[in-house]
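In what follows, a structure is listed as C-alpha cells, so that the remarks can point back to it.
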Amino acid sequence: MEHIDTDICIIGAGPVGLFAVFESGLLKMRCHLIDVLPQVGGQLSEIYPHKPIYDIPGYPEVTAQELVDRLMEQIAPFHPTFSLGERVETLNRHDDGSYTIQTNDNTTVHCQVVVIAGGLGCFEPRKPEIDRLIEFEGKGVAYMVKNPELFRDRKVVLAGGGDSALDWAIFLANVAERVTLVHRGDTFRGVPDSAEKVFELAREGKIDLILKSNVVALTGEGHLQEITLLDRNNEVSHIAADHLIPLFGLSPKLGPIANWGLNISFSAIEVNTRDYSTSVERIYAIGDINTYPGKLKLILCGFHEAALMAQSAFKYVYPEQKLSFKYTTVYGVTEF
Amino acid sequence: MINLTIEDRNGDRQPVEIPEGINLSLMEVLKASEYDVLATCGGMALCATCHIQVLEGPEQYFHATDNELDMLDTLPNADEHSRLACQMRVTEEMDGLVVRLK
Ligand SMILES: Cc1cc2nc3c(=O)[nH]c(=O)nc-3n(C[C@H](O)[C@H](O)[C@H](O)COP(=O)(O)OP(=O)(O)OC[C@H]3O[C@@H](n4cnc5c(N)ncnc54)[C@H](O)[C@@H]3O)c2cc1C
Ligand code: FES
C-alpha cells in the first residue's frame, strides 16, 4: 500500500491530464496522475496510436502516439508522479477541504485539488461469455499481463486474435511451461510479422494453436485447472490450464466517478466554464469527461480547459499568495 | 425507400425506412434512429463499438472486409456474420437487410 502527498491529483493520464501537469507546473503546483491503463496517453495510445492528427496548433501533422510522447517530454521538468494500472475508486473530503483518493490497489493520494480528466471513462477489458469466468478472476483469469514472471513454468491459455494475443503468445512461449492460443477464426490479421511468427512457433511445437474454436467454460477447485473449448462443428474438448488470459481489447465505461455526487448529464460532468470547476468545491473536470453548452470533444479544447483550471486551483494550493499572470516566453518553464 | 429491420439487444425487431440516395453509413442511420450505438471513433473502424450481426439479406453484407476483420478480431462476441456498421454504406442493394445490434 502506497501513500502519496501532492498538490493536485489528476485522474486520467490522457492528453488533457498530461497537459494539466504543464499548466499546474508553471504555477509551481505538484501533480500526481492515476490511470487504469498501464500506459499514459488515454484514447490516443489505446484506440488510435498510429492515426495522424491534423488539428494541434504548430503541428501540421502528428501521430497520436508522437503527440503523447511530446507531451511527456514537455512535462518532464515538473517531475509528475504516476500510478498506472490502477483505477480510482473512492474520494474522501477532510475538514480542511483537502481530499484523499483511493485506488483499487489501495494506493492513497492526499491532495488539495482533484482534477478529473477521465475522458470517456475507465477503459475496462471486454469480457467474453465464458461460464464461471468472473469466479476465476484473480484465481487464474487475468485480462492483462502486468508481470510476465507470474506465468513462468505455468500452463497458460490465451484467447483472442488481435495484436496483443499474438504478441503475448510469442513472448510467453519462452516463459510459460506451455502456451495455447485459442482463436475463433483460422487466420490472423494485425501485424503480418507477428502472425507469421505465431504460425512458425506452432509448427515448431513451441506453442499450441487452436483455431476456429472458443473457450466456453472453466473448471477448477479454488484455482483454474481446466478449460472447455467448443469448435465450429460443435465438438467439445478440454485442456489443462493454470491461467486464462482473454485478450479482446478494452472498452470505456464511466466507472466509479459516477458515484461521487457530481452533477452528471449524459455520462459527462457538468462544469462552470469560468474555470471548469464542478458542483463540488476543489474538484475540476476537464477534457472529454465534462460538458457545457457548446462543448467540443477535441484535444485542443481540453488543453484550454487545463490552463483555466490551473489558474483557479492555485488559490487552494497557495491560499496566502496572489497569482500574477506571467508568460513562459519571458521566464522559461521552470524559472517562475 | 430502403427497408431495413433492426433487432435491438432485447430481441425486439423494428423496421427502419431510409430514403434512397442519402450518403450515410449504417452506423449513422442507427444513431439517427436513436439506437444505443456508442461509435466512439466516429466511423473509422477503430473502436468496434458499432458491432452488428447480419441475420438476413443480400449475401454480400455477410462478409466483412479485411480492415473490419482486424477490428472484429478484438471482440469476444464476434462471429462470421459480424460487421462494423460504420463500414457499411447504405445503398439500394441493402434493401431487405435484417441486422442485430451487439
Ligand atoms: C479514433 C479517434 C480519433 C480522434 N481524432 C482526434 C483528432 O484528430 N483531434 C482531436 O482533437 N481529437 C480527436 N479525438 C478525440 C480525442 O481523442 C479526445 O478528445 C481526447 O482523447 C480527450 O482526452 P482526455 O485526456 O480528456 O481523455 P482520454 O484520452 O479519454 O483519457 C482519459 C483517461 O482517463 C482514464 N480514467 C478514466 N476514469 C478513470 C478512473 N476512475 N481511474 C483511473 N483512470 C481513469 C482512462 O483510462 C483514460 O486513459 C479522436 C478520438 C478518437 C476515438
Ligand atoms: S464507429 Fe468505431 S468502429 Fe465503427
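Yeah, the Cβs are placed from backbone N, Cα and C, and that goes for glycine too.
Per TrEMBL, these features apply:
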BINDING   A:Asp35, A:Gln43, A:Tyr48, A:Val88, A:Phe123, A:Asp288, A:Thr329  FAD binding site
DOMAIN    A:7-293  domain 'FAD/NAD(P)-binding'
Near chain B - the binding-site residues A:Tyr48, A:Val88, A:Phe123, A:Asp288, filtered by Cβ distance under 8 Å: A:Tyr48
DSSP state at A:Asp288 (FAD binding site), helix/strand/coil: helix
Most Cβ neighbours inside 10 Å, all chains, among the binding-site residues A:Tyr48, A:Phe123: A:Phe123
Secondary structure of A:Gln43 (FAD binding site) (DSSP, helix/strand/coil): helix
Close in space, distant in sequence - A:Val88 (FAD binding site), Cβ under 8 Å, 6 or more apart: A:Ile11, A:Ile34, A:Val36, A:Ile101, A:Gln102, A:Thr103, A:Pro256, A:Ile257
Cβ packing number for A:Asp35 (FAD binding site), 10 Å threshold: 27
